[in-house]
Amino acid sequence: MEPHSPEQLISRKRRREGSNGEAEEGERPGKVPRVTVGLRDPAPFADQLVSNETTPYQRVSMEEARRGTPLDRPVRVYADGIFDVFHSGHARALMQAKCLFPNTHLIVGVCSDELTHKFKGFTVMNEDERYDAVSHCRYVDEVVRNAPWTLTPEFLAKHRIDFVAHDDIPYSSAGSDDVYKHIKEAGMFAPTQRTEGISTSDIITRIVRDYDVYVRRNLQRGYTAKELNVSFINEKKYHLQERVDKVKRKVRDVEERSKEFVQKVEEKSIDLIQKWEEKSREFIGNFLQMFGPEGALKHMLKEGKGRMLQAISPRQSPNSSPTRERSPSPTFRLPFFTRTSPPPFPPHHSAARGYPISEDEDDEDDD
């Protein structure tokens, strides 16, 4: 498998504790061209490999490893652990170990269930599951099953290990203050950094803290109470809690919808009130413009009155025009209240009364 140099791998930003206790930002290398060729097979197990090495085991120094070794002589780095509930913290540690030197062959040792239960505690995953999880990590070149808890010179020589990678926090176990003390004294220790905020213990703590939530979750997904080691009473309690939570969720949804509806009604009512105010102002303005003290109606009445007076009053002929005798306009007088002499009428009509007068009457008047 062709090794990758640190410049070819894009490391993510991570926080680590510096020597002064302050959190520092990890550097991000420059971008590299995207490639689509990836690993197709998991890393092989060490006990299934046939060694072709004929030369005696001889370590390389730190200077030689950092300067770079020939392609046929990669620097063999060993990293061990439990790797229970394999997570991103494990992957980042293995990535750092892989990127320690330009030409690195990473060997990962995974301890068995017997050793782990004896020195550290019970695991969530069994040893076969942990072996398989580590073998599928992209940075791993070789997996050692049933790795020893304390590294011996015979083990280091057997696997031709040049350096051991681990975080530099003293690891007290198996009656020792630091199981890597002799590795550090031999100059074979290459420190890596832990990823803060993620660990197997943290994940287990989350599950234990929210135990009821995860039990109800698995009951909903079809697991039986017997498989979850839950008593009959607790099973009924969890089912009741689930129904109560469903009712609460429905009530919460109704409340949210009601709030949204009320909010929409308020927004619409505010819009209607604003529009009504605008229309009211517009109506009042138009009314005052038409019927106000200086409105259009007053000017229209004045103009109409002036036109009526002009139409009623007689026209005066201009001075330059010849005067013509105008016939008097006929006047209407009531016959019973006028004493003026009647104008001349034809001899057989009475002007005052308006009916014909006979000749006999005329004779009587002459007498």
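Including glycine, each Cβ sits where the backbone N, Cα and C put it.
Curation plays no part in TrEMBL annotations; they are all automatic predictions.
Range annotated as coiled coil by TrEMBL, chosen from 13-40, 237-264: 237-264. With DSSP states grouped into helix (H, G, I), strand (E, B) and coil, the compositional bias 'Polar residues' (49-58) comes out at 0 helix, 0 strand, 10 coil.
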